[in-house]
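Enquirer: Let me begin by handing over the structure; questions about it come next.
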Amino acid sequence: MQGKVALEEHFAIPETLQDSAGFVPGDYWKELQHRLLDIQDTRLKLMDAHGIETMILSLNAPAVQAIPDRKKAIEIARRANDVLAEECARRPDRFLAFAALPLQDPDAATQELQRCVNDLGFVGALVNGFSQEGDGQTPLYYDLPQYRPFWGEVEKLDVPFYLHPRNPLPQDSRIYDGHPWLLGPTWAFAQETAVHALRLMASGLFDAHPRLNIILGHMGEGLPYMMWRIDHRNAWVKLPPRYPAKRRFVDYFNENFHITTSGNFRTQTLIDAILEIGADRILFSTDWPFENIDHASDWFNATTIAEADRVKIGRTNARRLFKLDGR
């Protein structure tokens, strides 16, 4: 399929490059560094070769979210966004941008989002899970009350917010002791991000801000296939408190969330996701440079789904969600 839009596609700046070192074997690190720092060369050639018209670029993980010092987090977020704006300006026909945000400081994050959207032309934000602040030992999740004004501005700006994974903090990772292979994208990423998304749903956030659009990668971090059970078992809880939100989890999932195919290239999983959340809320992504563009594209181009759904997922859903036809 030609003309695809891909939207979980990462880059790095020198200050955040090392954050990605632990996710690949040592003998592959040199190649990954090249992939993360390159935008205009290898990346663009692969896009051309595999029918990707547009990439929406975002900073690698955890990057800004793992900088407990507020001032430093604000500085790195702003620098990353400025670098990305310059790169996108070189090829505005091929590259768009997600803002990195210093959510250690909700007011600063709000201001940076406003700057990126209004002044730099970014199409949304991608945030790498919870943020660390102060001593770095307490994760800040975005259902907390201090983030409500931030979410109000996201809704006002009418841009999507991509909740990208990161590993849990060491003190919250004891279940993985002795099993480090379960950390990262193998399992811990999905578990951490799914719980964060459920917290957002349960908090009442989407009752207060019903026009928010949240994106989850990796075919929804396992949530599409658990929504029925989550609501079914929660309904058995007869005694208050249950949760502050007014509706079922599945209602928020189906109305406020979108999912991407990033790093999850399995047809059975895609078909189940279509049955659960609908083809209108699924978007193509590759997860470059941690996955290969040819693998993602070859699978998607050949996967056994309706051609109308392929066009939606590969292109038109993203163009609608990010309002690309008016750019």
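Backbone N, Cα and C atoms are what each Cβ position is placed from, and that goes for glycine too.
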Enquirer: Pick from D272, D280, D287: which one does Swiss-Prot list with E8, H10, H164 for the same Zn(2+) site?
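Expert: Swiss-Prot lists E8, H10, H164 binding Zn(2+), and from D272, D280, D287 it also lists D287.
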Enquirer: Can you tell me how many other Cβ atoms are located within 10 Å of the Cβ belonging to H164 (Zn(2+) binding site)?
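Expert: The Cβ of H164 (Zn(2+) binding site) has 27 Cβ neighbours within 10 Å.
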Enquirer: Can you tell me the CA-to-CA distance separating D287 (active site) and E8 (Zn(2+) binding site), as a whole number of Å?
Expert: 5
Enquirer: E8, D287: which of these recorded positions has the sparsest Cβ neighbourhood within 10 Å?
Expert: D287
Enquirer: I want to verify one value. Collapsing DSSP to three states, which class is D287 (active site)?
Expert: coil
Enquirer: What same-chain residues, at least 6 away in sequence, bring their CB to under 8 Å of the CB of H10 (Zn(2+) binding site)?
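Expert: L36, L57, S58, L59, N60, A61, D287, W288, P289, F290 - these are the non-local Cβ neighbours of H10 (Zn(2+) binding site), listed in sequence order.
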